[in-house]
Structures are given as C-alpha cells and as structure tokens.
Amino acid sequence: MTTHTTTAGRQPSETPTAVRGISALRHPVVSGGLIGVIGGTAFLFAGLLGVPSPTQGPLRGLAAALATFTLAVILFRRRVLPELRPPAPGAARVYGVAVVVMLLLMPVTRLVAQALHAPTAQSALVAAVVGAHFLPFARVFHAPVFWWIGGSMVALGLGGALLAVLGMHVAGPAGAAAAGAAMLVIVAVQAVRQHAPGATAATEQSAA
C-alpha cells in the first residue's frame, strides 16, 4: 500500500502504461492493497459483531458492498502503477520491530480494557495498536498512505475505546469497525486516484 511515484528513467514523451491490478499482483501497490482489503474487512466485520442486532443486517450489507468495491477497484480498474523508490536503509529492521511490538501489545489491550472496567474497549484498542504499527512504514517505504491508514485507525480506535470507558459500550466494537472501514476507503481512494494514461496526459498538459 503505497502511493509514492517517481519519473526516474521515464522520458517526458513516454506514455505510461495502464494495467489492471489482477495482471500485476506482484506490484507492491496491488499486493499491499489486497492485504488492506483483508485486514480492513476483518476489522469491519469483527467489529460489527458487537453492535446491536437490529442494525447488524444493514451494516453488514454496507460492509460487504464497501469491501467488494475496494477489491474490484484494486483488481480491475485500469491505472498506471507507480514506480517505487527503494526502501530506506534499515527498513526491514523497522518492519520487524513494528510487527513484534504490535504482537506483544495485543494481550496488553485485554489487560488495559479489564483495568478500565470496559471489556468492550479491547477491540478498539487492538485497532489502534494495529494502526500504530503502520506509522513507521510511511517513512522507510516512502509511502505516505501508511500515515493515513495508521493515523485513522489510531484515532478511531482510541476514540472508540475512550467512549467505551465512559459507558458507551457499543463504541468499542464500533470503533474497530470504523477503523476497518477507514482502511478500505483509503485503499480504494488510492487506487481511484492513480490515473489511466489519458487522464495523466491531460493533467500534465493542463499543468504545463
């Protein structure tokens, strides 16, 4: 999941080639987007399990529509996939540390929720922890999209947890669901904003 582009190695007169994601599954933007769909959908549907039953049906329908739309955009929209800069030195170490810290904090979310007498806050805290582990990736992988995904998940997760602590018990799972929805929306927007060749050329001409 990355949006950084570079024109290195491309002559101004060259027309970039648009492809469908399904034909470029190994490109980090496509593979990362698919991971985002899986993660966002998991948080969204898991969170919806904690909302009142009368609203679960309609919300699940909307969730399924959002996940399907995001997946379709990633796989089937024709777009120019960006040329990516190499990761920053030490990126693998940063990635590994972030993942390990995230896993170590998972059981801590349960302890925190119990200590605050708000067990429903745990799912929202998990979403915040997962979001926080994305934040360092923005710098080392030159991918600002991680700021958006991580920041939104942290904000929505902590917000949901806080409301759960204050007595709005449904806010915990709702915050987790909202974090998942945010991930899906950001991934979809990224794919939509990557132009097809004609749109790219028109944009460049209007800016000239």
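All positions are counted from 1 along the displayed chain.
Glycine is no exception: its Cβ is also placed from the backbone N, Cα and C atoms.
Features of the protein shown, as given by TrEMBL:
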| type | residues | note |
| --- | --- | --- |
| TRANSMEM | 29-51 | transmembrane segment |
| TRANSMEM | 57-76 | transmembrane segment |
| TRANSMEM | 88-108 | transmembrane segment |
| TRANSMEM | 120-138 | transmembrane segment |
| TRANSMEM | 145-168 | transmembrane segment |
| TRANSMEM | 174-192 | transmembrane segment |
Most Cβ pairs under 8 Å with the transmembrane segment (57-76), selected from 88-108, 120-138, 145-168, 174-192: 174-192
For the transmembrane segment (145-168): best-contacting stretch of 88-108, 120-138, 174-192, by Cβ pairs under 8 Å: 120-138
